[in-house]
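Let me begin by presenting the structure, written as structure tokens, before commenting on it.
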Amino acid sequence: MPCSTKQTSSLASYQTIYYYIHLHLDVDTSTPPIATMAPSATSIVEPTVLPHKGGVSVGNGITKPAVAPKTNSNWDAFAFEPIRESQVARTMGRRYFEDLDTYAESDVVIVGAGSCGLSAAYSLAKQRPDLKIAIIEAGVAPGGGAWLGGQLFSAMVMRKPADKFLADLGVPFEDEGTHVVVKHAALFTSTLLSRVLSFPNVKLFNATTVEDLITRRDGDAIRVAGVVTNWTLVAMHHGDQSCMDPNTINAPVILSTTGHDGPFGAFCAKRLVSMQAIEKLGGMRGLDMNSAEDAIVKGTREVVPGLIIGGMELSEVDGANRMGPTFGAMVMSGVKAAEEIIAVYDIRKKENEI
């Protein structure tokens, strides 16, 4: 029998407790988590566990140490393993440049790690573990505006049926009829971020900005074939420094979810206008929750070949209304964006090989 929304909320809460217990205690992990019975917009699939050295999987992308550290309260005898500073420097540098090499040719690049971009990454990585997904985020802290609700308040509101996505993630919420409430937006964003980064086929490059798009000419039109990147702090100083050329990532499909117009917002949409790929922007209209959320989700699509736009950036393209402090459309636009990527990926990949 399908669970009610209140049951779903309870199950999600039990899942959180379940993972905490199994993360910290040596208990039998053969029983599946209760929350796998919760209804979902997409089937609940265990993400592939990262190969943490010596780690033991407890499910849902979470590992615990093979042997839990024990001090027996004897803190006088406590000591970390010795290390040389150069080991840390080499470890960080080696891994970062290995990632740059690996993702220089990506399958999908997601521009913007807000609620829409992260939701898309989560949905896509679950359905297509074979794809290399690079996420480019200009800020140091991913999450965009999803760390708080409206006017710097804590609670996050999502209109149904976005609650199914929360149940899939295992985020507890309160049912208030037409909508649900997460007690703090940071609970949603931190959970989503941890799930996304647990996938071995996803890499987040934060503090990195997209400065331009890689394009190919297809007859009289253009096709987007990658992104031009730079460290954000470098990009901010192009006006007073010189010789700071960027880097590149090739990919057959780009998803842009950079939000509405702002310092880094709606970047790809604005670039399409300046390169004459589209005539003009529609411009985001005033706040209307009821029309805005449906329009954003339904309108999420490939705007030009190789470039899909979702979330509030799409409102600047289509002239849609803003929705204000409700986040369901951001999540569901991300889910739809993942479907749009899958639908066009094989075609764009073939074109990209020419």
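Using N, Cα and C of the backbone, Cβ positions are placed for all residues, glycine too.
In the three-state DSSP scheme, Gly324 (substrate binding site) falls into the coil class. Within the same chain, the residues at least 6 positions away from Gly324 (substrate binding site) whose Cβ sits under 8 Å from its Cβ are Gly150, Leu287, Met289, Ala292, listed in sequence order. For Cys116, Glu137, Ala138, Gly145, Val210, Asp245, His260, Met312, Arg322, Met323, Gly324, the entry in TrEMBL reads substrate binding site.
Taken from TrEMBL, the feature 2,3-didehydroalanine (Cys) applies to Cys243. The number of other CB atoms found within 10 A of the CB of Cys243 (2,3-didehydroalanine (Cys)), across every protein chain shown, is 4.
Among the residues the record lists as binding substrate, namely Cys116, Glu137, Ala138, Gly145, Val210, Asp245, His260, Met312, Arg322, Met323, Gly324, the two farthest apart have Cα atoms separated by 38 Å. The shortest Cα-Cα distance between Cys243 (2,3-didehydroalanine (Cys)) and any of the binding-site residues Cys116, Ala138, His260 is the one to Ala138.
With a cut-off of 8 Å between CB atoms and residues at least 6 apart in sequence, the same chain places His260, Met284, Arg285, Gly286, Leu287, Asp288, Ala292, Met312, Ser315 near Arg322 (substrate binding site), listed in sequence order.
Here the binding-site residues are Cys116, Val210, and the one with the most other Cβ atoms within 10 Å of its Cβ is Cys116.
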